[in-house]
Structure formats: C-alpha cells, structure tokens
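Quick look at what TrEMBL annotates:
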TRANSMEM  129-149  transmembrane segment
DOMAIN    129-256  domain 'EamA'
TRANSMEM  155-177  transmembrane segment
TRANSMEM  189-209  transmembrane segment
TRANSMEM  215-232  transmembrane segment
TRANSMEM  239-258  transmembrane segment
DOMAIN    267-397  domain 'EamA'
TRANSMEM  270-291  transmembrane segment
TRANSMEM  298-318  transmembrane segment
TRANSMEM  324-346  transmembrane segment
TRANSMEM  382-400  transmembrane segment
Amino acid sequence: MRSLNATSNASATRSSVARLTFFSPASIATSMRRLTPDFSARAVWLRSAQLRKRRTFWLTCCNTAGRGEFSLCMVVLTSNRCALYCPIRNHFQGAQPLIRRIVIYSRSQESGADMKSISRLPRISKAEAVLILITMLWGGTFLLVQHALTVSGPMLFVGLRFAAAALIVALFSMKVLRGLTFLELKAGVFIGTAIMLGYGLQTIGLQTIPSSQSAFITALYVPCVPLLQWLVLGRRPGLMPTLGILLAFTGLMLVSGPQGASLQLNSGEIVTLISAVAIAAEIIMISAYAGKVDVRRVTVVQLATASALAFLMIVPTQERLPDFSWLLVLSAVGLGAMSAIIQIAMNWAQKSVSPTRATVIYAGEPVWAGIVGRLAGERLPGIALLGAALIVAGVIVSEMKRRSAPGEQSLAEEDGMRKAE
C-alpha cells in the first residue's frame with residue numbers, strides 16, 4: 001500500500017466534498033460508500049489518538065465486487081471538519097489506485113454548537129429532497145393516467161406521454177446531445193425498453209383496477225430487485241431482502257382481495273405485477289450506468305426509445321386510435337413534463353443518495369397515490385389497506401442491513417486487518 005504522506009499531494013487534485021450530519025466511524029463509512037459505490041467501508045477502531053482537538057482513526061475499505069481486495073484509509077477529525085484519505089481503485093481509468101481526499105465539514109465556522117449536538121439533528125440533503133418531491137409527483141400520476149385512459153388506448157397514451165417528455169428534455173439539452181456516445185446510446189435503449197414495458201403494462205392494468213391498488217402493486221418493484229439480481233447475476237438475497245419479499249408478497253395477496261388468497265389474480269393485477277418487474281430492471285440499469293454517462297443525453301434516448309416502442313405496439317395490440325381530444329393532449333403533455341422531471345431527477349439523485357435511503361423515499365410513492373386516490377373518491381377495504389401497509393413495510397425491510405453480533409464483528413474486523421496487511 002502506498003504511503004499516505006507520499007500521496008497527499010496527488011490526492012489534492014482528486015478531492016471531492018460531501019456534507020454529513022452524523023460523525024461516527026460508521027457514518028463516515030456510509031459517506032465513502034455514497035461517493036464510491038464500487039466499495040463498501042467498515043469502521044474499525046485500530047488506533048485512536050487524542051491530539052488536543054484532533055482524533056485519528058482508520059477504516060477498512062473492502063471491494064464489493066467479490067475480488068476480496070482490502071485497503072486502509074485514514075480519517076482525521078478536527079473541531080470543524082473531517083478529512084478522509086482513501087485509496088480507491090478506479091475501474092474506468094486502468095488498474096492504478098487513486099488516493100481520494102474527502103472533506104466532510106462537521107459544522108460551520110459561525111456555529112458554536114459542538115459535534116455531538118449537530119450529529120443529533122437529522123438533515124435531508126438536496127438530492128434526497130428532490131427524490132421526495134418526485135415521489136409525490138409520481139404518486140399523483142396514477143390517477144391522472146386513469147382519467148386519460150377514458151379518451152385513449154394505453155399504448156397510444158404511453159407513446160404520446162414519453163414523446164412529450166423526450167421533446168421537453170431535448171429542448172434543454174441540444175448542446176450536450178452532440179456528444180452522444182455509443183455507451184450512452186446503448187444505456188438509453190436498454191433503460192427505455194424497460195420503461196416502455198413497465199409503464200405500458202401499468203397503464204393497461206389501470207383500465208381494470210383502481211389507481212391506489214395499482215400503485216401498491218407497482219411498489220413491489222423494490223423487493224423484485226434482489227430477486228432479479230439472484231436470477232441474472234447469481235447473487236442470492238440475504239435475510240432482510242428475503243423477509244421483505246415475503247412481507248410484500250403477503251401484502252399483494254391482501255391488496256388483491258379474496259381472490260388473492262387463492263393466488264387467482266385478475267388480468268389487471270397480473271400485468272401490473274409484471275410491470276413492477278420491468279421497473280425493477282429499470283432501477284438496476286440506472287444504478288449500473290449512473291456515473292458512467294451524461295444524465296441528459298441518456299434521458300433523451302431512453303424517453304425517445306420508450307415512446308417509439310409504445311407507438312410500435314399499437315399495431316400488434318390492435319388498439320383503436322381515438323378522436324382528437326384536448327383532455328388527451330393536455331394529459332400527455334402534462335404527464336410528459338412530469339415524466340421528464342422524474343427521469344432526470346432519478347438519474348441525477350441516484351449518483352449521491354445511497355440505495356437504502358432512496359428505497360425508503362420511494363416507499364412513500366404508493367402512499368401518496370393512495371392519498372390522491374382517496375381524495376378523488378377511491379375507497380380500499382380494510383384488508384386491502386393492511387396489505388398496502390405490508391407492501392410498504394416489505395419495501396423498507398428489503399433494503400435494511402442485518403447487524404452482525406459484537407463477537408462476529410470483531411472477528412470480521414481482525415480478518416479484514418490481516419487481509420489489509
């Protein structure tokens with residue numbers, strides 16, 4: 001491992017800044033995970049030095065891609081900031097490790113509060129606030145789509161919706177579109193295909209089931225993510241994702257009513273469930289390409305792909321073209337604008353928000369849809385509300401991490417140190 005003193009000058013050119021409110025070793029490890037998603041960090045108190053107002057300790061940084069690589073990073077806490085020095089292997093710039101310096105400010109220069117008082121104040125980052133806002137918008141789209149289907153077929157409406165979204169994003173991205181790369185084109189086509197399947201099937205399902213019920217079934221995409229990773233990548237889900245899947249599946253049976261208990265879902269519930277799988281694939285691909293591509297260019301490609309594929313599906317589905325309607329035009333343009341905002345915000349925010357935090361925020365989407373549906377006069381029975389609560393609980397539980405026992409943790413830390421040395 002390279003000496004930290006020898007690499008301090010090189011690290012200054014590769015510095016990044018993050019703001020944090022919790023300053024335990026574990027929380028600093030979480031901050032490093034957000035900035036370097038290819039790695040996971042585990043806090044280890046190997047050395048603690050009290051140098052007046054300075055504290056120094058070490059973290060082990062382990063590779064999550066299964067290669068078993070370990071390294072050490074040094075953390076220095078002062079009265080008003082925390083600096084983290086970590087060697088990071090950059091897989092997109094060759095095999096040479098980079099020494100990244102992460103400055104985490106603990107409090108402003110003007111504030112007189114100490115670190116303990118600040119650490120107790122929960123704060124929401126800008127990216128998290130954006131995700132909360134788009135979750136509210138996303139929840140409200142279900143009822144709007146259901147009303148638009150009274151004057152249009154599902155595939156035509158999905159095509160118009162995403163065509164409007166693609167045009168809106170393209171108008172603000174004309175300059176950056178010239179630099180479109182093959183990787184961005186491929187990412188946009190793959191994500192756009194998943195979007196068309198997800199939103200297209202969801203729209204078909206809204207023809208026969210209430211918007212609030214559709215929203216809660218769609219929320220199953222979160223527990224579907226570890227299942228897809230197991231089937232496609234061979235990564236078996238852990239204990240908490242398995243519990244989340246069981247809770248969400250039980251909730252689905254309750255939301256579906258009496259026929260759900262006998263595993264007899266109607267056609268609208270089945271296609272909505274399939275749409276949740278497609279949306280899970282979309283989330284996985286967005287996370288896989290985040291940080292490697294330009295957000296605006298990929299967003300334009302994926303929205304245009306979703307629109308084109310939806311229009312092509314009109315012929316095999318034998319969908320009847322409707323007469324001109326201002327309700328259809330306004331709904332398509334309005335939902336297109338909302339879709340553009342949602343897609344750009346998701347692609348941007350998932351660069352800095354951890355998957356766990358993002359999932360907890362996304363879990364509120366069916367809740368907002370249920371609130372909007374209730375204000376519009378929809379009424380779900382009590383058993384369906386219980387099922388909805390189980391689905392939301394399953395969404396949150398599926399992204400929780402199981403804490404290891406103290407004995408197991410200390411053994412793991414010693415093993416990590418031996419590998420690091």
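Note that Cβ sites are derived from N, Cα and C of the backbone, with glycine treated the same way.
Highest Cβ contact count with the transmembrane segment (155-177) among the listed stretches 189-209, 239-258, 270-291 falls to 189-209 (criterion: pairs under 8 Å). Long-range neighbours of the transmembrane segment (298-318) within the same chain, counting only residues 6 or more positions beyond its ends whose Cβ lies under 8 Å from a Cβ of the stretch, are 153, 155-156, 158-163, 165-166, 169-170, 173, 177, 180, 184-185, 187-189, 191-193, 195-196, 199-200, 289, 339-340, 343-344, 347. Mean pLDDT across the domain 'EamA' (267-397) comes to 81 in this model. Between the transmembrane segment (270-291) and the stretches 189-209, 215-232, 239-258, 324-346, 382-400, the greatest number of Cβ pairs separated by less than 8 Å involves 189-209. Listed by sequence, the residues of this chain that lie at least six past the ends of the transmembrane segment (239-258) yet keep a Cβ under 8 A from its Cβ atoms are 213, 216-217, 219-220, 222-223, 226-227, 265-266, 269, 273, 380-381, 383-384, 386-402. Taken through DSSP, the domain 'EamA' (129-256) splits into 104 helix, 0 strand, 24 coil. Across the domain 'EamA' (267-397), DSSP assigns 100 helix, 0 strand, 31 coil.
Long-range contacts of the transmembrane segment (215-232) within the same chain, counting only residues at least 6 positions beyond its ends with a Cβ under 8 Å from a Cβ of the stretch, are 139, 142, 198, 202, 205, 209, 238, 241, 244-245, 248-249, 251-252, 255-256, 269, 272-273, 275-277, 279-281, 283-284, 359, 362-363, 365-366, 369-370, 373, 387-388, 391-392, 394-395, 398-399.
Proximity of distant same-chain residues to the transmembrane segment (129-149), defined by a Cβ-Cβ separation under 8 Å and at least 6 residues beyond the stretch ends, is recorded for 157, 202-203, 206-207, 210-212, 214-215, 327-328, 331-332, 334-335, 338-339, 341-342, 345-346, 348-349, 353, 358, 361-362, 364-373, 376.
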